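Annotated features in TrEMBL:
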DOMAIN    16-264  domain 'SMP-30/Gluconolactonase/LRE-like region'
BINDING   18, 154, 204  divalent metal cation binding site
BINDING   101, 103, 121  substrate binding site
ACT_SITE  204  active site, proton donor/acceptor
């Protein structure tokens, strides 16, 4: 599609930029820098970035119904008050695994915060395997563990009818689906809907559009791919000017803009000189599809 336009809107050079979320109230894009240990907010009005430093790797951020945000920080679910720059722990997971941290997280249509863990990486995508688990934080701050033996817990989203939960464990190189019970938050009947091809590399963050198609950022693949979860076919590829594309979300006034985060950790000088925008956040327009607003955490 010749009308697709890609623009680097945040050139801060994040170590691992992740978890883009559109905050409609602020007309701003939230994201995190995991290894840089900060939560960032880019205003689409002023084009400025504000950042709040935190005391551990911060891997995802989500809106909160009562205002402000929730984050996954180290192995904690936590609340973040933006103006006060105040972080409060909600609860801890993986207490028996000091080498673990949270990775990607997202709120479901009923306001529950889903997030998974992984072992700290030795190098990008190199780590002790099967150390992670997938968790849900409920609005009463109780936590449920769905399963363990996860390598790198990553992209997650829900079908438009809320009956399917989509999930990525990166080193499986596949996008999986589960039956979803919106009333209880329970998942079951896991199956693979798409296997990544070699040049697509490692599946990372993911989001859904208003047509029910999935968009998956391909880490080391330098692209975002659009998939049909019904047929398991790839429908579209959007190539980015950086290799380490990490996640994507829709935003802007009518959710017709796609925002893609990226990373620069693990790149040497020569690689960075070829990709000076590595670690930046990109705005993609002209896709001809829209996304849906993110759900806020109900607790």
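Numbers here mean position along the shown chain, with the first residue as 1.
Using N, Cα and C of the backbone, Cβ positions are placed for all residues, glycine too.
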Tell me, if you would, which residue among 18, 121, 204 (binding-site residues) has the fewest other CB atoms within 10 Å in the structure shown?
121
Check each residue in the chain of residue 101 (substrate binding site) that is at least six apart in sequence and keep those whose C-beta is under 8 Å from its C-beta; list them in sequence order.
56, 57, 59, 74, 75, 117, 118, 120
Within 8 Å of the centroid of the Cβ atoms of 101, 103, 121, which other residues of that chain place their own Cβ, given that this set defines the recorded substrate site?
34, 57, 59, 100, 102, 117, 118, 119, 120, 127, 152
Excluding 18, 154, 204, please set out which residues of the same chain place their CB within 8 Å of the center of the CB atoms of the divalent metal cation site, keeping sequence order.
19, 103, 104, 152, 155, 168, 170, 205, 217, 219, 246, 247
Please list, in sequence order, the residues in the chain of residue 103 (substrate binding site) that are at least six apart in sequence and whose C-beta is under 8 Å away from its C-beta.
59, 60, 72, 115, 116, 117, 118, 132, 152, 153, 154
In whole Å, how far does the CA atom of residue 121 (substrate binding site) lie from that of residue 204 (divalent metal cation binding site)?
15
